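*Asks:* First, the structure itself, so that you have it in front of you.
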Amino acid sequence: MPQIKKEQSERIIKKMDVMDYSCSKFSKTHLKFDIIVKMDRSEELLEIFQKEFSVLDGFRIIIIPIETYIPFPEEESNSENLETKKQSERISREEIYAHVSEMSQLTRIYMILVAASAFVASIGLLNDDVAVIIGAMIIAPLLGPNIGLSLATVMGNRKFIVRSVKTNLIGFLIAAAVSIAVGMIFVVNPQNPSIVLRTDIGRGSFFLALASGLAGSLALTTGLTTALVGVMVAVALMPPLAAFGLLIGSGNFYLAFGAFLLFLVNLISINLAATVSFMAQNIKPIEEEESRKAKITARKSIMLLASILIILFALIRFHIIY
């Protein structure tokens with residue numbers, strides 16, 4: 001922070017009632033503020049600092065998580081807790097964005113894990129082995145790009161949207177290619193219970209996908225571990241995608257269409273639930289104009305996803321009848 005902004009910065013900090021802070025010399029022209037603030041006040045403080053000082057040369061904010069603070073802070077009164085309850089239920093916008101952005105990157109490790117997961121899931125489906133299928137879900141990195149797409153939508157970040165779509169698409173193509181290859185090499189029994197289950201589209205699958213999207217978004221916004229939620233998202237996506245590839249590779253195109261429909265329903269449902277969840281938690285850009293545009297984009301996205309779901313359910317009904 002430039003030294004000339006010291007008094008203004010301290011007024012903001014004191015007004016926000018932070019737990020503790022200190023100021024030290026960083027360079028000849030800049031100061032360093034170390035601020036300890038509760039989770040429920042972090043986003044508001046970050047927003048104020050960004051609005052006031054983001055255009056200044058050398059201004060930086062570094063967010064560091066704190067495991068504990070000794071001595072323990074005194075508990076706030078009930079009225080204060082009620083006022084901040086809604087905000088305190090999640091971490092700051094900046095922390096969420098940084099975490100999800102990293103998870104949505106298209107990397108060599110991501111592609112290898114997707115390929116490995118698809119192969120393991122395909123073998124598990126062929127052998128009707130639930131334990132192997134669960135193992136495939138554990139290593140499938142499908143949570144990041146899907147939740148990333150929903151977050152990018154509510155933030156109105158087009159570059160992030162394109163990157164998430166690209167990561168998702170390449171991941172799905174890799175998984176499909178691997179499972180198709182397995183289906184061409186090994187004998188596929190279309191009456192296998194594990195495969196049949198992934199071609200049958202019921203209400204349970206739809207609600208599982210909605211719950212996965214909701215759980216994924218909440219796990220990220222509250223700072224909880226995403227490992228188990230990632231498995232939940234993978235359960236909704238990887239098995240039907242692997243079943244689709246196996247059936248295509250073995251020439252069972254009719255059943256493959258059913259598995260592909262299930263995959264699409266789950267994919268759309270996850271993104272729909274996550275987008276609605278992010279909007280409900282009031283995650284949006286800082287600037288008012290950007291926030292307004294992002295809200296319009298998010299609403300259009302929700303309408304589009306809902307419309308696609310309706311079309312998919314119509315196709316499912318047609319597929320079941322014929």
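The chain as shown is numbered from 1 upward.
Backbone N, Cα and C atoms are what each Cβ position is placed from, and that goes for glycine too.
A TrEMBL annotation is a machine prediction, not a hand-curated record.
As the structure is a computational prediction, the values presented were derived from the model and not from experiment.
The transmembrane segment annotation in TrEMBL covers 109-126, 132-157, 169-189, 201-220, 227-248, 254-280, 301-320.
Mind running through what each feature is packed against?
*Replies:* Here the transmembrane segment (132-157) has long-range neighbours at 96-97, 100-105, 110, 113-114, 116-118, 120-121, 123-125, 163-165, 167-168, 171, 194, 213, 216-217, 220, 226, 229-231, 233-235, 237-239, 242, 267, 270-271, 274-275, 277-279, 283-285, 290-291, 293-294, 297-298, 301, meaning same-chain residues at least 6 beyond its ends whose C-beta is under 8 angstroms from one of its own.
Within the same chain, residues 106, 110-111, 114-115, 117-119, 121-123, 126, 141-142, 145, 195, 238, 241-250, 252 sit at least 6 positions outside the transmembrane segment (169-189) and bring their C-beta atoms closer than 8 Å to a C-beta of that stretch.
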*Asks:* Below 8 angstroms Cβ to Cβ, which residues of this chain, lying six or more residues outside the transmembrane segment (301-320), approach it?
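*Replies:* Non-local partners: 153, 201, 257-258, 261, 264-265, 268-269, 271-272, 275-276, 279.
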